[in-house]
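Below: one structure, written as structure tokens.
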Amino acid sequence: MAKATDVLVFWFACLLLLGPARVAAGLYNLSLTADGPATVGTEVTISASLEVKDNGSLPLPADTHLYRFHWIHTPLTLTAKNEKNLTSTIHVVGGVPGDFPISVWVTAVDCWVCQPLARSTLLLPIKESLVGNIVVTQNTSLSWPNSYITKRSLRLSFLLHDPSDFFKSASFFYRWDFGDGTLLITDNPVVYYNYSSPGTFTVKVRVVAEWEQIKPDTTKGTIQKTGDFSASLDLRESLQGIQILGPTLLQTFQKLTMNLNFFGSPPLHVCWGLKPQCLPLEDRECHAVLVTRTSFNLTHVFQDPGDYCFIFRAENAISKAHQYHRIQVWPSSFQPFVFAFPCATLITVLLVFLMYMTVRSAATQKDIVESPGATGLKCCCQVCCGSLFLDSPSEYLEIVRENHGLLPPLYKPVKTYNV
């Protein structure tokens, strides 16, 4: 009877614990953090903290001893574990490279059938090589990521990721490749370099770590770990100025072409405007253009004479520049309306000529109708061909005399004298 009573009491206690656990299930989160990735043989610290889902409106359990954290971390080797204030921390070491899942959940103490209050997982990468990264700094602040200024010193450093101080007794060597053909071997993780030309460069560093380790047979041996790291650098030139090539005197309705040369690295955000005076541009007066080269051509036609000023503003990721260009526009002696006068004159002349030719053709036809052709033929025949149709030369001469009354006689008359 006593045993039956004990069993009932035990199950009743479990149900009391199970009730709150079921009610609380789904109301909490487990925040899981780790200082990985890590190198094979180094120690990794993983922490799990119980948190409320609704940002603190629900209180955490008052008695932290009523709950337990359960971990699954195989095949990683557990080196230490501790729990405090609903936070559990473990230390593990990986013997082989790979990505290993870590799982943790929280349940009520002494109740394995209770539903977990919260659970969480993460993937821990273990690498054969060293773990770290390259840090590049310069005494400038640019808005473009990984962008730096040419002809200024760059500080490049390698930061080893070793939170457990596993490599504190190791010796390191660094082989730097700056991407422009320059190589440097040093035992210092920090170097300084100056790029003289703009462009995109990939800086690489090979890190070698060596240390002595006692083998199982009590002999010392040298252990070596290596790692290859790289970083992309975008070197840009500051915008030092704008060169404007173009005329300063112009006539109206004449096409103006200006060439702008930018002394700086593209891309460039260019803004230009036209004013009577050389004053800074407002945003509403700006004609924005994105220039991807170091030159830009601008064309414009002035319709009114006067004094004008072109205002140019350009900026890249490093700096800004302004430039002005004054120009005088004179009235043109060859205005566009002058084209209409010669065209109208030419058309008028053509019309007059056509009318003249038409009238002349009509008059000629009228003369031909009024003058019979037989008269002319008769005259021609009488004058030119008379000798062929007349019977004697005397008749021919008579006809000629009739037609040409002023012709002298062909023979003198014989004078007779009487004595």
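Placed from the backbone N, Cα and C atoms, the Cβ positions cover glycine too.
As annotated by Swiss-Prot, domain 'PKD' applies to 144-230, with the evidence given as sequence analysis. Per Swiss-Prot, N-linked glycosylation site is recorded for Asn29, Asn85, Asn194. According to Swiss-Prot, the feature signal peptide maps to 1-25. What Swiss-Prot lists as topological domain 'Extracellular' is 26-336. For 358-419, the entry in Swiss-Prot reads topological domain 'Cytoplasmic', with the evidence type sequence analysis. What Swiss-Prot records for 337-357 is transmembrane segment.
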Asn85 (N-linked glycosylation site), number of other Cβ atoms within 10 Å: 8
Reported mean pLDDT - the topological domain 'Extracellular' (26-336): 88
Per-state residue totals over the domain 'PKD' (144-230) - DSSP helix, strand, coil: 0 helix, 54 strand, 33 coil
